[in-house]
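Q: Got a structure for you, questions after.
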Amino acid sequence: MEATTQSVSSTSPAVNAFQFVFHIDVFLLALAGVFALFALPRAVARFSRAAEWRQGHILRSIPLERRAPRPPMRSVQSPAAGPSTADNLTSEESHTLHSEAHLIRHPAAKKEGWSLPPHVCAWSSRVPTFANILRYRLDAGFSLGQALILVIYSAALVYAGFLKSNPFADPLRTGFVAMSQVPVVYLLATKNNILGIFLGLGYEKLNYIHRFAGTLLVIASNVHSIGYIYQWTIDHTFSKNIRLSPHIWAFVALVTVDLIYLFSIPFFRRRAYNFFYCSHVVLFVLFLPALHAHQPGVWPYVIAAAGIISLDYLIRFMKTRVFNARIRPIPDLMLTRIEVPQLNAGWRAGQHVRLRVLSSAMGWFGWAESHPFTIATAAKTPEGMVLLCKKTGGWTGRLYDMAKAAGYGSDEGAYGRTVQIMIEGPYGGPGHCVFASYSAAIFVVGGSGITFALSAVQDILQRDSEGASRVKIIEVIWSVQDSASLTPLVPQLTALIQQSVYTPLKISVHYTRTSEKPAGKDFLPPGLTLTAGRPKIAKVLDAVMSRAVSYGSNVKASLDITGVVVGVCGPTGMGDDVAHVISQVDGGRRWAVGGIEMHEE
Ligand SMILES: Cc1cc2nc3c(=O)[nH]c(=O)nc-3n(C[C@H](O)[C@H](O)[C@H](O)COP(=O)(O)OP(=O)(O)OC[C@H]3O[C@@H](n4cnc5c(N)ncnc54)[C@H](O)[C@@H]3O)c2cc1C
């Protein structure tokens, strides 16, 4: 390290580069700390309830309590009884069809005392105008707020790279800048992300910073190398220098980062995910010893990066479970339903798991692939964990074929087959956002994003039955291409509507392929509607806000109005649309309802 520091002072005497880049890392850490401080009040509110400590970290099996029979459910019209009144209306019109009769708390909950989750509104609700500006989309799925974070990050590195330094005269500096970012890039690559824990964000929400930091690391490494090659060339010492062992290792490290970058471009990520993933793992493991052999003085950074990634893999191993699961095909949705009834606790609604299917039917290496899927059920239900895996490519296609080979159907035990699976997780999810702490919840989902809404709604209803939910209105807006997609989920959606005894639940399904008249539209239960065309999200949000405010002075008068949460899970454009709709809401109405917060999954 001393040798390194000396060489720094010889090229750039005004700045000790080793200490300087360390201070830049401290600055970045302090910046992350400021964001964590903003998230702290919500973290404290969330973890003030003991149950929150046990959810969302480790999957487990627990004996389920026997519940007292539910009070009479909302009536659901049988197909034989003819068309319901709701189904003659469009989704938006049907928002007027609600009754306040459901807004009576569970008698047991009243007797035992409610245990309502504390609500702390997000900073975005306190400064909505500022939040709207930051939420403005510069590109699909990329907001101005995210861009600002990247600008600040780049500015810090540019400052580190250029302060009293010229990359061509002092190529060592950019090498130090690259080195200083190695632990940052590795940290942001972890699934069990310590930064994410403090910020209340899943690893997938920080992934854009990982990609950007990785890109800057690659740029800095290349500038560093080109600087030396340039110097050696004008000094006529290139052939002598390139034979030295530290420089050979420098070349190995450079090729490694360049290949990581090349194989991470969307072309490989989208078309050959396995190749992208495997090359990433092999090359990032190779990079650290190559970097150390090139410049032993950087060992603290190498150790930090190796420690971070090793700890992550250790935790991933500890979060992995092997189970026998039942798989069945659902042809209308072109997806495979995976049921693991033995696994019934440890996750939060909206979280996902990484799934491996340990069967030779998945192909030569298919059994080793792990794919992320959102959990479609709430924890602590008799059905356990359910995943809905849409057939989109090779792996999900083989899974679907395997389930299909065993037979179609949905009756328990009659169809499908049992396979051994490996489940790792849970990951992601709503972080410090507790859906049950809001006055109203809207879930806008597309395609297989319905899994997110199913688990979130089930979770709210479950908490509601325990007197642990503030939610007065739940709306689900599900966009599908084909109206036939609804058919296999009608029983599950109907069951949810039946369970919504204390809080009215409305589910509007919108289909975009309008060539055929949908079958069975006339036999949907009240609360479930099927409409052609795109949903009018602004209108639904408006209706929900009005109802949330009016309920606040009525049946649930004792409950404060704690805002509306809008959960989104679907194609990127869907999140952008919802963000735009929220930004258009009048400030007075927003204030009256206690704020509108958006959670994207
Ligand atoms: C957090 C998260 C939750 C998800 N939840 C669901 C869900 O509940 N239901 C559902 O049907 N789908 C879900 N998906 C999508 C699902 O993971 C992919 O459709 C599946 O991995 C595709 O695999 P494939 O080999 O069949 O398709 P491919 O054709 O190989 O890939 C299709 C797309 O999926 C991506 N992909 C492929 N393999 C992986 C992998 N191992 N890890 C991450 N991305 C990959 C590729 O980049 C590509 O864009 C989720 C994805 C994420 C990131």
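Note: Cβ is positioned from N, Cα and C throughout, glycine not excepted.
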Q: Can you check which of 208-228, 355-375 TrEMBL lists as transmembrane segment?
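A: Comparing 208-228, 355-375 with TrEMBL, transmembrane segment matches 208-228.
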Q: For the transmembrane segment (208-228) and the transmembrane segment (298-318), decide whether they are in contact, meaning at least 3 CB pairs lie under 8 A, counting pairs 6 or more apart in sequence.
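A: The transmembrane segment (298-318) and the transmembrane segment (208-228): touching, no.
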Q: Over the domain 'FAD-binding FR-type' (315-433), what does the predicted model average in pLDDT?
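A: It averages 90.
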Q: Using a cut-off of under 8 Å between C-beta atoms, tell me which stretch among 20-40, 142-162, 248-268, 298-318 contacts the transmembrane segment (275-292) the most.
A: 248-268
Q: What is the three-state DSSP composition of the domain 'FAD-binding FR-type' (315-433), stated as helix, strand and coil residue counts?
A: 22 helix, 46 strand, 51 coil
